Amino acid sequence: PEADAFNPCEDIAGFSFLRVAIWFINILAIAGNLTVLLVFFTSRNKLMVPRFLMCHLAFADLCIGIYLMMIATVDLRTRGFYSQHAIEWQTGPGCSAAGFLSVFGGELSVYTLSTITLERWHTITNALQVERRLVLTQAASIMAAGWLICLAMGMLPLVGVSSYTKVSMCLPMDIETPLAQAFIIIILLFNVGAFIVVCVCYVLIYLAVKNPEFPRRSADTKIAKRMAVLIFTDFLCMAPISFFAISAAFKVPLITVTNSKILLVLFFPINSCANPFLYAIFTKAFRKDAYQLMSAMGCCKSKASVYRMKAHCSENTLKSNLKSKTNGSQMGMRLSAKPQQSQHLKQEGELT
């Protein structure tokens, strides 16, 4: 085909260093998120709201990893003569499937990240009001709505609203019609709005933790310390792409498709690589579940027993602390909620 602004005469990756980076990133994203799903699905612990949300986040980020692997595989197969396969790839089912995974996985990840942040904020600000905690059925309803929204976003380019066939990276960059232009702008505003929600919630969490009247806990302090890292990775993932994409959506492109591939390979999957580590693998709860799984497979039995002992001691300490704070007119109310509160506090401590 004739070369144009959307399809320059070059390979999919465009740059040699991107070809290496895309393989490193997709393998890291797939391995990290598959590990999280494997450990959570084989865990013997009760399914809690945070674990439930982490599973959705890992699945969404896994979709991004699979999308990058599909792009990297096609780039490897057509290296040096992509122009001979451009029409076959971009108009075929493979590109449509890759594009669907990129939009669906990306938006579900953003939606789930916002839900996790809101749940953390709600839990911390209502630490001693167990009846106001988010329960599993409520979380399931919220995520069901998110799945419907994200599936719709992923399906629209397949039915004529924008298109996945415009560029070799199979992203919805078609803005020829007002409807396609509105679709891209809505997706970008959705991402920007989610980032604002995450930032505001983390600021509120920080203020709650620093409040001298708020019951201090080590779990809250650890959460506060990790806020900068979480917000920074979200900003790196969303800000550059949103800025240039919004300008392009209004038909004022600031960078070429060739240069945009650097953003799409190095910045777009940042959350997909970082999330399994920041939200799961680096937490006590995940390490405990991982050692229990390895113990069931016949290895790391001593380490698993150490974690079980620590969990038992931690639960007893929390119960003791709650009992010592129970006094005056609130004694009866706090005693009745004590077992459930201690369980929630124990779980929150493990998730940091």
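Quick reminder: no glycine exception, Cβ is built from N, Cα and C everywhere.
Marked as domain 'G-protein coupled receptors family 1 profile' by TrEMBL: 32-279.
Annotation comment: TrEMBL describes 329-352 as region 'Disordered'.
The transmembrane segment annotation in TrEMBL covers 20-41 (among others).
Under the heading transmembrane segment, TrEMBL lists 53-74 (among others).
The feature transmembrane segment is assigned by TrEMBL to 94-113 (among others).
Remote same-chain partners of the transmembrane segment (134-159), defined as residues 6 or more beyond its termini with a Cβ less than 8 Å from a stretch Cβ, comprise 47-49, 52-53, 56, 60, 96, 99-101, 103-104, 107-108, 111-112, 115, 119, 122-123, 172, 174, 183, 187. The feature transmembrane segment is assigned by TrEMBL to 134-159 (among others).
TrEMBL lists 179-207 (among others) with the feature transmembrane segment.
Taken from TrEMBL, the feature transmembrane segment applies to 228-250 (among others). Away from its own ends, the transmembrane segment (228-250) comes close to residues 110, 113, 173, 175, 181, 184-185, 188, 191-192, 194-195, 198-199, 202, 260, 263-264, 267-271, 274, 278 of its chain (Cβ-Cβ under 8 Å, at least six residues beyond either end).
Residues or ranges marked as transmembrane segment in TrEMBL: 262-282 (among others).
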